[in-house]
C-alpha cells in the first residue's frame, strides 16, 4: 500500500465517508462497511480529495488529454482533480463535464468546459452497476476525435454483481479500458489489520469479501 492510499483511508474514516457497521445496500446485500463520497462536503475536504485523485493518476501512468466529470457527482471531482494536477504535479490539463439535460439557449449542448477530444479520463466516486459509465461512454463516442482512456474512482469494492464479475470488471471487459481507484477493498483490509481501534471490524469485512468478492 502506498502512503497516499493509507492517508486516503484515514481521511475517509475521519470524514465519516468510510464507516464500519451494518449497512443495507441498494442491491439488498448487508455490508459491513459503507462509503459515501458525498460527505467530502467542505472546501478543505474537496481540496484534499483532489490531491488523492491526482496521486492515483500519477501512480497509474495512464496517458490522457482531458478530464471528464459525469453529472452530477463527477463534476466537482474532475474540477478538484484538475486543480490538484496543476498545483501539485505541474500538469495543467483541460476538464469538462456534461449536463443531464441539454440547453437550447446560451452556450447550448450538453457539454460544458473544455472540448471533449483526444484521450479522455473519466473521474467518478464509485462504480456500482456501471450504468452511469455506460452513459458516459456513449457521450464520448458521440464526439469526433474523443475516446476513453480509462476511469478513475475513489474506491473499488472488488465485489461481484449478479454474475461472476464485478461491475468494474464488466466495464473493463466491454470497453477495453482500465478502471483504476485511489484504493480498493484490499487496501481497506490491510488498513484494518494494522489499526488497533478498527481491527474489530476485520472479520466481518473479510467474511463479506469471501462471500461477494471477485
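A Cβ is built for glycine as well, from the same backbone N, Cα and C atoms used for every other residue.
Keep in mind that what you see is a predicted model, and the values were worked out from it rather than measured.
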Which of 117, 128 belongs with 34, 35, 157 in the orotate site listed by Swiss-Prot: 128
Distance, residue 128 (orotate binding site) to residue 26 (5-phospho-alpha-D-ribose 1-diphosphate binding site) (CA atoms, angstrom): 9
Listed in sequence order, residues not in 34, 35, 128, 157 with Cβ within 8 Å of the centre of the orotate site Cβ atoms: 25, 31, 33, 126, 155
Rounded Cα-Cα span from residue 35 (orotate binding site) to residue 131 (5-phospho-alpha-D-ribose 1-diphosphate binding site), Å: 19
